[in-house]
Amino acid sequence: MKKQHSKISNFIQKIISEDIQNKKITHVKTRFPPEPNGYLHLGHAKSICLNFDLAQEFKGTCNLRFDDTNPKNEDTCYINSIIQDIKWLEYKWHNKIRYASLYFNKIYQYAIKLIKKGLAYVDQLSPEEIRTFRGTLTTSGIDSPYRTQSIEKNLNLFKKMKQGKMLEGTACLRAKIDMASNCITMRDPVLYRIIFSKHHQTNKKWCIYPTYDFTHCISDALEKITHSLCTLEFQDHRKLYEWILKKIDISCNTHQYEFSRLKLEYSVLSKRKLNLLVNNKVVNGWDDPRMPTLSGLRNRGYTPSSIKLFCKKIGITKQENTIQLSFLESCIRSDLNPIAPRYMAVIHPIKIQICNLSDNYEEILNIPNHPTKPNMGCHKSIFSNTLYIDQNDFYENKSELLKKLAIGKEIRLRYSYVIKAHKIKKDQNNNIKTIFCTYDKNTLGKNPKNRKILGVIHWISEKNVLPARFFLYDKLFTIQSPETVKNFLQYINTNSLVIKYGFVEKDILTNISTTAYQFEREGYFCINKNFSITKNLTFNRIVTLKDKIK
């Protein structure tokens, strides 16, 4: 088997490469095993990209398997969302979608096998007592009084559990390993528990369900996964993973390897904390564009290739580190910059009146859709006597240092003429209503002689405007590491969404199917498809520009 790339970029690639060279394996098989109890986020994207890309690189296969072992928290809506997200990332899993529940009969038989070998027992301690008996990092655990039950009694009790003759929480099946182990995971972990809930795949066939730890390794073995990849919090579970596979005598060549989980600035990636954001109505659902979920990022305007570029660039290591938000933003900029057509949008409009032009004057200007790609063509704009510029581009007190329009100062309108401000008109609240200017007709595409013009600003003609709403998104938290604080909801950025009403060029309607636009000097935007394009045209700001020309 030949690799597609000779360059080794992470330790897992190196392990796989060595396994192939040493003929430990002949075919690489990975898997992405989400629990269908929530929506995928950026942390999951890291795992998705790792597993699918490794399989592709080494010409192997990657399975999609739902680890559906807890019907209380699972739902088909999560399954559908996960499938949609993986398809959106443009990955294809091997053959059909798999479910751990398809293996429940086999897993049950393996549990019986452990009981018969004296390696599992039915414990009737309460969940609270089990936690207490397990001990701590500094104290050994205590044997359950049910640990020494006969094999026959354990088989009978486990059968009663399966038949629904025991109440939820009154009994569980535990592995008999070592209550004095330094690894708490190995202190007689629970293998099966009673759950009287309808399962989305098996309906009411089962009332006992295997735990994640018991199911996961067996599912990997049954699917002949060669490299089972998970995050570092499962490092201590590897001993149990290997113990189970060894004790049930299953033929397999699968091994678990761990890598660091993703941590991102100004974000939380804990499913519990994301759930709190939704339930406390901090955000408008799991697909809110401020959320780090894949559905949220998709609604924000992030592209599959930008997410995959991000996951590739952050790399795979065992070292825990927090990724800067700017790193993610640079990936979407890199992706959109070559393809996004340029338009002008005025988000904070203020009126400009050109005094030396008549009311009926119109001049058609051809504006390039991309500054470096002539093949992307042009669109038409109108220059007239009434324009709109951004409020932030006018400074009432003249300053030669600021590249802004001011009374007595000149500035260039992008792709157009140089204008000079002479006076302003204010409303009753002392807000500037109109700026009266003149234009220099000899400055189209060239600078005036003997005059230095500082600054270029964007604009739109009143005869070429399309009213629009702009959703300006920002960081959801005011602190860099909200994951590390107890009361993280106290640090919500109340300005994470600011709504503005302004204008965009009419010609944008001819490019309505475009993935994203660059609004010059403002950032990258996409159309918010939750609102009518004809009645309530709304744009989401995906990301600001790295360097604004102000």
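Every residue gets a Cβ built from N, Cα and C, even glycine.
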**Request:** Quick one: sort out which of 1-11, 23-33, 34-44, 287-297 is the motif ''HIGH' region' according to Swiss-Prot.
**Result:** 34-44
**Prompt:** Counting only residues 6+ away from its ends, which parts of the chain sit with a Cβ under 8 Å from the motif ''KMSKS' region' (268-272)?
**Reply:** 37-38, 41-43, 261-262, 292, 477, 482-483, 488
**Request:** Kindly report the helix/strand/coil residue split of the motif ''HIGH' region' (34-44) according to DSSP, in that order.
**Result:** 3 helix, 1 strand, 7 coil
**Distant-in-sequence Cβ neighbours of SER270 (ATP binding site), under 8 Å, six or more positions away** = GLU483
**Prompt:** Do you know the DSSP helix, strand and coil residue counts for the motif ''KMSKS' region' (268-272)?
**Reply:** 2 helix, 0 strand, 3 coil
**Message:** Which one is it: of the binding-site residues HIS44, LYS46, which Cβ has the fewest other Cβ atoms within 10 Å in this structure?
**Reply:** HIS44
**Request:** Please report the DSSP secondary structure of LEU262 (ATP binding site), reduced to three states.
**Result:** coil
